[in-house]
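Listed in TrEMBL for this protein:
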TRANSMEM  9-36  transmembrane segment
DOMAIN    12-466  domain 'Major facilitator superfamily (MFS) profile'
TRANSMEM  64-82  transmembrane segment
TRANSMEM  94-113  transmembrane segment
TRANSMEM  119-138  transmembrane segment
TRANSMEM  150-167  transmembrane segment
TRANSMEM  187-204  transmembrane segment
TRANSMEM  272-294  transmembrane segment
TRANSMEM  314-332  transmembrane segment
TRANSMEM  339-359  transmembrane segment
TRANSMEM  371-391  transmembrane segment
TRANSMEM  411-432  transmembrane segment
TRANSMEM  444-462  transmembrane segment
Amino acid sequence: MGAFKNRNVYLLTTVAYMGSLLFGFDTGVMGSVLALNAFKDDFGLPPGKTGFASERNAEVSSNVVSLLTAGCFFGAIASSFINEKIGRRPTLMAFCVVFLIGAAIQVAAHHAIGQIYAGRVIAGLGVGGMSSVVTVYVSENAPARQRGRIAGLFQEFLVIGSTFAYWLDYGVSLHIKPSTLQWRVPVGVQLIPGGLMLIGLCFLKESPRWLTKMGRHQKAAESLAWSRCAKIDDPELLEELAEIRASIDEEMNSTEGVTWKECLQPGSRKRFFLAFCIMFWQQFSGTNSIGYYAPQIFQTVGISSTNSSLFATGVYGTVKVVATAVFLLVGIDQLGRKRALLGGAAWMSMCMFIIAAVLSTHPPDVKNPHVSKASIGMVVMIYLYVIGYSASWGPTPWVFVSEIFPTRLRAYGVGLAAATQWLFNFVITKITPIAVSTIGWKTFLMFGIFCLAMGIFVWFFVPETKRLSLEEIDVLFGNVDAIQRAQDIEIALHAEKKELELEQREGGTVTHEMPPKV
């Protein structure tokens, strides 16, 4: 009954998180396309069977992947300001169009690797912009008790996108003979979900919290009623509206409407610090080194043929999809954010240390056509690693950063988190090919140490936020005390009921576009 009652929230989430799916697909598809000899032939790259066959291949692989993340960094920063001015939904639509332009440029590339680079940067601007908005948009519409599961679907759509890309690349490597069509088909498919997302956004409502912040209280009530599948005079709906309104009024009154003053308050400073750090640690867990370059990584540990490495990559993605789905269904809102992050850090560090030890003592023999037991063991550890990541540091950071900020700072806070994610994503994707080709097994040792360090960070600094409303989290971080919040909610609830009575009495002529005087 709960899922049916929230059917419009899930519809909104599905459409909005097509942006996450695009991110996953775009990263997954290029990582595998780079391993296709057809792509190498079209752009004058040396063919080879081992992970990064030459210095030239490593350089192009690094550029193609990292330029997307560079574009994402700037898109995330721009989006945090744009969506605060024009709203969540229009911002998503604008950046979706930017992504489609970038994807089209990549598909049209002909023997000029520079055109691929340009398309990656433009598509990155779109993906980064959407990544900064979608979790804000979804979390502001999701009910508190299911928010972890619903907001965490960001990661599920991301891994679905990347896994679909992995299997698509494996399919074209088997069923389309080496030609320009072999790599253009998987790159071009991303235009389909991008177009569906743009169309779907036309039928959704704006965030009720953004509308309330802008003083458009009647529109906010209509939006929340739509997402809750409830009547506009429903008592629970009025209570939620009152809580939202009280929180925003408190933010306005405490800083006289000046946003930067809120950023300097102790509770807000801590939130920005946590958002930066948790996304920093997520990137240095090593997940994107494997995710972006999965075929080459599997070749590095001994799965030498292109088809075999693409198949292993497809299995890797499938494991991520299943593990993430299970965690979102039975873990994140029951286990909580902090315990999930702690357990995941310990699990991933163990897997990385084992991979480093085996690769150091049993390096694969490139002349042997058979896969060794050591290589099989390392592949299994990679799969176990990604199970731990998918049940912790994959979905949880996005949920956490989207829920810890007050409404007036949420766009900026999540924008900072997304920009941090993309900045260090760029760093990791740029250095991975170089690290694997130069220091080998020590790359995995490095990521194991980082995983251990981020668990220590969570233990000392990250609070638990599960099943708290977005407004209750303000109390958790000390921006307002619980007694003051309760009093403000009573005042806001009285205002909501009075406006509703006026609306009903005057037959809808009152618009309530201006906030009440305090």
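Quick reminder: no glycine exception, Cβ is built from N, Cα and C everywhere.
Automatic prediction, not curation, is the source of TrEMBL annotations.
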For this session: Establish whether the number of Cβ pairs under 8 Å between the transmembrane segment (119-138) and the transmembrane segment (314-332) reaches at least three, counting only pairs separated by 6 or more residues.
Result: no
Problem set entry | Winner by Cβ pairs under 8 Å against the transmembrane segment (371-391), considering only 187-204, 272-294, 314-332, 444-462 | 314-332
Exercise. Are the transmembrane segment (9-36) and the transmembrane segment (411-432) near each other by the rule of at least 3 C-beta pairs under 8 angstroms (pairs 6 or more apart)?
Worked result: no
Exercise. The transmembrane segment (94-113) vs the transmembrane segment (9-36): three or more C-beta pairs under 8 Å (separation of 6 or more)?
Worked result: yes
Seminar exercise, completed: Restricted to the domain 'Major facilitator superfamily (MFS) profile' (12-466), the mean pLDDT of the model is 83
